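Here is the structure we will look at.
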């Protein structure tokens, strides 16, 4: 006899129940589903999943859910797992709605468990995802690969290395996951993000199957650590190289100050017929910006337009081109790109403001900032770095103070350590060293090397060894192996005539086995060839002609009153020895070569330098621009100097 409960179920169940054979005196009922009805149910489930896939709002999902309930599919894990994933996709909190859907299912399969675990892994808290996983295991349900990848993704996002390692062990212990491609890829990502690159490489080396994600994840990881040799070794071994892998290499070289290698890889990419995109082009544009060569700048713009990524309609490329032309010394072309852009966002405005600031055009930078704030474009952190830098390079102390004060009050941009570094630089260059030191002491965060470095640099300019010692002592703690800090302190002592202290710093440098980056300048020759010059190095093929041109220029300058600034040599040497050192500084050699290879009819000479230009070379360039009647542009590691008719754009404030 059929129980009342069974009758109720049968009366509500859309699937008919038939009698089965009798077993002794008992009458057993077994559900029987006709094949046609089973097909109909499967089609309905697939249809509902398809509807959920197309949902973009909570209202739409709830409408489909209502249909699921009406059709009697409230126990269907297949449909409800999709429902939970869609709720996660549109950022609906897991509690209460998705959680209630989950708990109403009597027999949950691993995919439904995984859908809820994944939601908590993405939205947090991660510990709730782990608690659910433990509950799932207690019920005797084995995870699927997506369960582990969901948990590992959460560990990766929250940098939970120890938890990630435990889940890795779970995968090994349970078995069946040792060859799963997706699990291994997310493991690589987790170890890399948590700073355990060697473990990520071990996972990669043990994989029996790899896809392009496996290779590219490690290539990007090595690029971020600056190990481009390891990245290149992996890239060359890749069986199939797609756009993402090529972009990773181009961008990696560009981000690690290896512009020539970045351009070489891009040329290879083009020769192999790989299509490019905006991200690749931005990497190539960055490489050209580092080289500072006009030929490459115009070439990469033509390439971008050839691929259909012209700056007028592609704000990412346009912003990168503005930065590139600015760093190549062609501010006019940078502004032309800016003006032609149909859409301008915070990045394009900020790039142009920073460009003006680098070239000493403080008023233009501040005017553009005022135009920007009148639009709907809201300034960001980089924008304020640009305007503060403009004030710094023009000595606009009061304007800088005002902008620093209002950036959070009016625009919601909280001052970061970089903004404080700009203010310390602004005050320090203006000679207000005590105020700069007090501002550092009042900082709400721990001062970094950029802050103390700005103060130490200002002490070098104004010859204040006492405050320089304070800044240097902190820098020696933060960057014990950065030789530049020791050199700055030694130079400050030298300016004050404290030669015993200079010797003490140099002894410390020798004890630490530190090496100074050699002063290097480069200039673009014919056909875009870059010619490099090192201080005192006369090994260039045209060294004889360069020496003659330089001696001729020096003679003409001396007849106009030029005398080498011997204080620019921080060594206790004879005056004659100091003169010889000064007259073979790398930027002077580059200028002499520029005079040999360029037309004399008023063309601009552009020189790039890896270190800050010294006081003597600065005055030398001023005089040279007047004598030869041509503009000389020098980009050092701080800013651009435009020398015209005996005057520099920085107003001798650099």
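Placement of Cβ uses the backbone N, Cα and C atoms for every residue, glycine included.
Now, the feature entries from TrEMBL:
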- 561-654: domain 'DYW' (DOMAIN)
- 109-143: repeat 'PPR' (REPEAT)
- 180-214: repeat 'PPR' (REPEAT)
- 242-276: repeat 'PPR' (REPEAT)
- 314-344: repeat 'PPR' (REPEAT)
- 345-379: repeat 'PPR' (REPEAT)
Subject >> Beyond the flanks of the repeat 'PPR' (314-344) by 6 or more, those residues with Cβ under 8 Å of it >> reply: 278, 281-282, 285-286, 288-294, 297, 300-301, 304, 350-352, 354-356, 358-359, 361, 375, 377, 604, 606, 633, 635, 640
**OP:** Six or more residues out from either end of the repeat 'PPR' (180-214), which same-chain residues have a Cβ under 8 Å from its Cβ atoms?
**Re:** 145-146, 148-149, 152-153, 155-156, 159-161, 164, 168, 171, 221-222, 225, 238, 240, 242, 244-245
Original post:
Taking the repeat 'PPR' (242-276) alone, what is its mean pLDDT?
Top reply: 91
